[in-house]
Amino acid sequence: MVSSKILFGAILGIASLNGVKSATPDDWRTRSIYQVFTDRFARTDITNTTNCPSQTRGYCGGTWQGIINKLDYIQDMGFTAIWISPVVEQVADPGRGFHGYSAQNLYGLNSHFGDASDLKALANALHARGMYLMVDVVANHMGSDDNAHNVDFSIMNPFNDSKYFHNVCFINDYNNQTNVELCELGTEKYPLPDLNTTRQDVRDLFTTWIKSLVSNYSIDGLRVDTVRHVEKDFWPLFNEAAGVYCVGEVADGDVDYLCPYQDYIDGLLSYASYYQLTKFFSNTSATSENLIGQLQSQNYRCKDTTLLGSFTENHDQPRFGNYTSDLTLARNIITYTMLADGIPIIYQGQEQHFNGATDPYDREPIWPTGYDTSSPLYILVKQLNAIRSLAIARSDTYATDQTQVAYSDPHNIAFRKGDGKCMTLMVLNNIGESAEDYTVEMKNVGFEAGLMVTDVLSCRNVMIDEYGGMDVLFISGLPSVYYPFYLLAGTGWCGQY
């Protein structure tokens, strides 16, 4: 069992190391992020639990005040930051604006979520808890309620003239980077007018705006939408103007395409690993070779894997539970998400094992669950946040050490992070919940010979042999996380008071 001492002491200790001002990429390395889809997380009136079907293309009532009301739910899971939906004023059509990616006025706020005092109150409430605020932003396009060839640019702020935009065309070839950057993501009926970010005046307007947004609302970090749809040399200017950690969305699994973007922006969402992780852990017949090869390529090609955003669910992709209802497989992929390189991101509802398909079905309201803190995955995430925070607190280099494969066979993989005296070893599999118990001999996994290690998820102890190896017991396909026994002293974990 894990005591409150380890769950909150270690986590808040890490959270307070750098305070809440001028959050740098180094500061963010030690954080973990809970992604909030603002409209579907919590209403201001917490007694209003009326369901809103996930496929609803419109507002369901989530607000910034609602998030404040439910911060205990997030912090008690061990998270030290939240990422919220875009905050700026949207087009009038609720079906185009509820998610936040159809901006009309960058200097206004989405009144469905609250006003300026509410957003400032959210930032203050987070900072009072030692937590960070990350806001989603878009620099590729604006929104419109009109057809693509009949857009009223005059009502947009600050880009109130057609001169700021590319001529209308729609992306039809993702292998053609010019097409990806110059054409728009929308359709004739539902356009997303594409900004011409090569223009100096557009760049100047964006840098002025992002400085004011971050400053006015005490924002600590940005999740940046549609990064690959804007020319690369735009992003250093934007990132520098923001003055905080920026993690970009490049929704492509090709490491040779994705990783170079990190030369232009602080971090990237880990799409390079996302697709292979999902394929391996959602299918008990899949084997590990492609996943391991992809992870090794990511380690080699990406500038800094410890600044990636480690995720396996978000509002754009089908839920893991949509691929398989196997809770044991979900435990394995969440363990990887939380303990691999980068800043872990859990999307709201992932801890409740939601199973929605792709947009809009992956945007489920969370209030019908009653914010259940006893669900198996909520408890698992809480444990994993705690062991990650402890490992960071015990080692000056843990957060910057790169995860390596310590063992693999077709269905079992062990990943090590840290040095032999102070490292974690997560042992994962895709056998599933129907698996019988079995033991695997793993040689030279990275721990020092003669060290006693503990699986912190089951409290089983194992002695590392003279060759640095160990016998790993797999019970019902569950993941294990091994950590040096002596480093648990005084934590209350597994009885070590």
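Cβ from N, Cα, C; glycine included.
According to TrEMBL, the feature signal peptide maps to 1-22.
Taken from TrEMBL, the feature domain 'Glycosyl hydrolase family 13 catalytic' covers 35-388.
For Asp316 (substrate binding site), the same-chain residues lying six or more positions away in sequence with a CB closer than 8 A to its CB are Ala251, Thr358, Asp359, Asp362. The annotation substrate binding site is assigned in TrEMBL to His141, Arg223, Gly253, Asp316, Arg363.
Sequence annotations record features per position, and here TrEMBL assigns active site, proton donor to Glu249. In three-state terms derived from DSSP, Glu249 (active site, proton donor) belongs to neither a helical nor a strand segment and is classed as coil. Taking a C-beta cut-off of under 8 Å and a sequence gap of six or more, Glu249 (active site, proton donor) has these contacts in its own chain: Arg223, Val224, Asp225, Thr226, Val227, Arg228, Leu268, Leu269, Tyr271.
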- Task: Please give the greatest C-alpha separation between any two of the substrate-binding residues His141, Arg223, Gly253, Asp316, Arg363, in angstrom, as a whole number.
- Result: 23
- Task: Measure the Cβ-based neighbour count of Arg223 (substrate binding site), defined as the other Cβ atoms within 10 Å of its Cβ.
- Result: 24
- Which residues in the same chain, at least 6 apart in sequence, have a Cβ under 8 Å from the Cβ of Arg363 (substrate binding site)? Phe37, Asp39, Arg40, Ser54, His99, His315, Gly356
